[in-house]
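See structure below.
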Amino acid sequence: MEKANESSLIGFVLLGFSDHPRLEAVLFVFVLLFYLLTLVGNITIIIISYLDPRLHTPMYFFLGNLSFLDICFTTSLAPQTLVNLRGPEKTITYGGCVVQLYISLALGSTECILLVVMALDRYVAVCKPLHYVVIMNPRLCQQLAFISWLSGLANSLIHATFTLQLPFCGNHRLDHFICEVPALLKLACVDTTINELVLFVVSILFLLIPPALILISYGFITQAVLRLKSVEARRKAFSTCSSHFTVVIIFYGTIIYMYLQPSNSYAQDQGKFISLFYTMVTPTLNPIIYTLRNKDVKDALKKLLTGKLCFLQT
């Protein structure tokens, strides 16, 4: 028992990219840059969505939720990653690892469901435009957002707790730069077949069913858009929906590759870079994709910046 609890006392050594010491300096700058971009980009979206009355719509309500979620998700991982990349000290306490695992898993699962909700919003907007305001009323939007956050929290409580019940028998060298379920399973000194089965089932619920629903909704959206007579209306609909669809492809594509490949074909170094992409790069891309391809957001941002310049001049 004493040996089994050793990891709880010592914590974990996050090996990360220690096999590539020259690469660590480059990755430190990379993580810091994308973390700052994530903060600036997503905070900007939250501010303009709140200040501009034209953006007080269901679409931007959910986009604000997504931005807040991305800020929290990256913040739960980036500071510890920066500390480990900067110096020889690469440890994380057991409590810190537990907190990081619960929070990142909850936020990542929440985003899986929130992207489905955003696809539902686009479906109603395009396919049921005359009933959009009635269907996507503020109360329903709040309920859908609540369900997204609650489902992510429930998955984290069940899945992370189940993983942390495994005995590590003194193994505390975690071959990753964050506390993540696949890497923790490799430390267990018992058979993890049941845990891997649970991971597979959870992955189906959060990583296969949601994108399948999104694809179905976009099939209906495409049919509805093609029936529009106005070229401008078709262009605007495709522009708005393609932004969301791009986020979906990037987010689900990287995580599905990470979690749904057979354990015997799991290349650890490759997995680290995939994790680095979806934890640091994807939250940065979300605001860029939505702002560069969305005229309403660009107009609101321009209005905000113009107002600040006028205030400074006066």
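Each Cβ is built from the backbone N, Cα and C atoms, and glycine gets one as well.
Note that TrEMBL annotation is computational and uncurated.
Each residue in the domain 'G-protein coupled receptors family 1 profile' (41-290) has a pLDDT score, and their mean in this model is 86. Annotation source TrEMBL lists domain 'G-protein coupled receptors family 1 profile' at 41-290.
The annotation transmembrane segment is assigned in TrEMBL to 25-48 (among others).
What TrEMBL lists as transmembrane segment is 60-79 (among others). Residues 31, 35, 38-39, 41-43, 45-46, 49-50, 100, 103-104, 107-108, 110-111, 114-115, 117-118, 121, 141, 144-145, 148, 178, 279-280, 282-283, 286-287, 290 of the same chain sit 6 or more residues outside the transmembrane segment (60-79) yet have a Cβ under 8 Å from a Cβ within it.
Annotated transmembrane segment per TrEMBL: 99-120 (among others), in sequence order.
The transmembrane segment annotation in TrEMBL covers 140-158 (among others).
The transmembrane segment annotation in TrEMBL covers 197-221 (among others). Among residues of the same chain six or more beyond the transmembrane segment (197-221), those with a C-beta under 8 A of the stretch's C-beta atoms are 109, 112-113, 115-116, 119-120, 122-123, 126-127, 155, 159, 162, 181-182, 185, 237, 241, 245, 248, 252, 255-256, 259-260.
Per TrEMBL, the feature transmembrane segment maps to 242-260 (among others).
Taken from TrEMBL, the feature transmembrane segment applies to 272-292 (among others). Residues 16-17, 27, 30-31, 34-35, 37-38, 41-42, 44-45, 63, 66-67, 70-71, 73-74, 77-78, 81, 104, 176-178, 180, 243, 246-247, 250-251, 254-255, 257-258, 298, 301 of the same chain sit 6 or more residues outside the transmembrane segment (272-292) yet have a Cβ under 8 Å from a Cβ within it.
Long-range contacts of the transmembrane segment (242-260) within its own chain (CB-CB distance under 8 A, at least 6 residues past either end) are made by residues 108, 111-112, 115, 118-119, 122, 182, 199-200, 203, 207-208, 210-211, 214, 218, 271, 274-275, 277-278, 282, 285-286, 289-290, 293-294.
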